[in-house]
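Asks: Handing you this structure, nothing more for now.
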Amino acid sequence: MKNQGRKKPPFSRGGKKNPRSFGGEDDSFFESDAKRRRKGRAAADDDDLESLESDDELAEDGGEEGPAEPEETADEKRVRVAREHLERIRAIARKVEEEEREEEDEELGREEREGKRDSLVAEILQKDQLEESGRVRRFLASRVLRPEPLDKFGLLVKHRQSVTAVALAEDDSRGFSASKDGAILHWDIENGKKEKYLWPSEDVLISHYAKAPQNPSRNRSKHVLALAVSSDGRYLASGGLDRHVHLWDTRTREHILAFHGHKGPVSCLTFRQGTSQLFSGSFDRTIKLWNAEDRTHMDNLFGHQSEILTIDCLRKERLLTVGRDRTMRLWKVPEESQLIFRAPASSLECCCFLNDSEFLSGSDDGSIELWSMLRKKPTNIIKNAHAPSLSPNDHSYEEVKEYMPNGCNTENGSCKAETYSSAHSWVSSVAMCRGSDLAATGAANGVVRLWAIENDSKGIRPLFSYPMVGFINSLAFAKSGRFLLAGVGQEPRLGRWERVPAARNGVAIHSIRIKEENTPVY
């Protein structure tokens, strides 16, 4: 494996990174929460001070209004959420304790009962933490039940044009989607109720530090290619053809800031889990690191020799990217190094982390690859994972054959290759259920496929196929594995070289029936 160092960013001096703020030092717009509140208390008589985070602007002098309640900071919110989570775990432990008490011969002492409950709480929290960090894998794939004949993808949210990106909030309650017409929607998983993000005027965008279009006679492109939501659910980032990374407030759905610096379309975005660090990949072959909380540009990463298509990040400061130079790269940001993995024969299109040392990728020849950071080549390859061959025994066969060219002429139970375009078997999206062995891939051959990732990189095993007509441009798993979201379009995400007229543009949801586990799996 090649180990290449990074080029020093142009704004670094003496080996130390100097964050570049998108505003002056005295601009309250770019200050952190705590600093902004301290400054607000020190300069309470300043009429022009505005809050970035609240829907309500501070009242100007001249009235007898009482002092506004202080905003909840990110740290305070984390403490509150942690306490609520701990209370939920304690409630579960109390319930288990009550059930066990009915079966036991009473009576344990009060202190002994409380100690037993605390031990159970600690065990549950430790299991959750290990699964969250990726050090323990949940074995979900073996518990996924076969779909019923009536189980189908249901259209949750409609879009006018092809959906290019789907993102899911950390608590699995809200989703976000974007399409080629620039529409960004925020919707509820339970009832599908949606709200739209409205693009501000050009003057407002420029005041938010966006660069003016190169051609003044043409309007700014609103075409969105990528979305990412922060772990605390507070920020939504979008990127597209206008070469900016746009930051939105998910509470007010208002535009906060436009990060400029990329010289090509922004094709992919990801937040580092548990932080406000945001990474963006672009057709200009660079990766940029931003801080959404401080509104600053932190770093540049160089290495790809062609357009960057996909990016992923977990909790560690490690990035996984795929580019049109037929390479996948694992970036170790603190060490300022990268590991290069080359595709055997095809061009890689998408990728995602399984854990910190294993990854999954999809290619334009219809294959999916399982990789380990310990090996230069894939540990396993499934060729023709979305090839134009569907067995009539597959429950999805009847659903999709009517949308295939010539009704999918079959020979010996398989669809003949010449009747179906290779673009339809192009693996355009991959997704992992975080911390588990359950994966999903999407193409345009009429199905979304589920896969089981064998332990210790032993292989990839096919599970089930869910019928879905159209280009599957984006996939997102619920953390629980109970449902799967698919961003569907009549056209592929990065072009218009193929079209599936029968597809419905929007976000589809498919429930996944999982058998309950009786005992914790470690």
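Note that Cβ sites are derived from N, Cα and C of the backbone, with glycine treated the same way.
Take a look at what TrEMBL says about it:
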type	residues	note
COMPBIAS	1-19	compositional bias 'Basic residues'
COMPBIAS	45-74	compositional bias 'Acidic residues'
COMPBIAS	99-109	compositional bias 'Acidic residues'
REGION	1-80	region 'Disordered'
REGION	92-117	region 'Disordered'
REPEAT	156-197	repeat 'WD'
REPEAT	217-258	repeat 'WD'
REPEAT	259-300	repeat 'WD'
REPEAT	301-341	repeat 'WD'
Asks: Are the repeat 'WD' (156-197) and the repeat 'WD' (217-258) near each other by the rule of at least 3 C-beta pairs under 8 angstroms (pairs 6 or more apart)?
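Replies: They do touch: at least three Cβ pairs between the two stretches lie under 8 Å.
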Asks: Could you give me three numbers for the repeat 'WD' (156-197), the DSSP helix, strand and coil residue counts?
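Replies: Grouping H, G, I as helix and E, B as strand yields 0 helix, 24 strand, 18 coil.
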Asks: DSSP on the repeat 'WD' (259-300): how many residues come out helix, how many strand, how many coil?
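Replies: Once the DSSP states are binned, the repeat 'WD' (259-300) shows 0 helix, 24 strand, 18 coil.
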Asks: When the repeat 'WD' (301-341) is classified with DSSP, how many of its residues are helical, how many are strand and how many are coil?
Replies: 0 helix, 25 strand, 16 coil
Asks: Pull the DSSP breakdown for the repeat 'WD' (217-258) and write it out as helix, strand, coil residue counts.
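Replies: So the repeat 'WD' (217-258) is made up of 0 helix, 22 strand, 20 coil.
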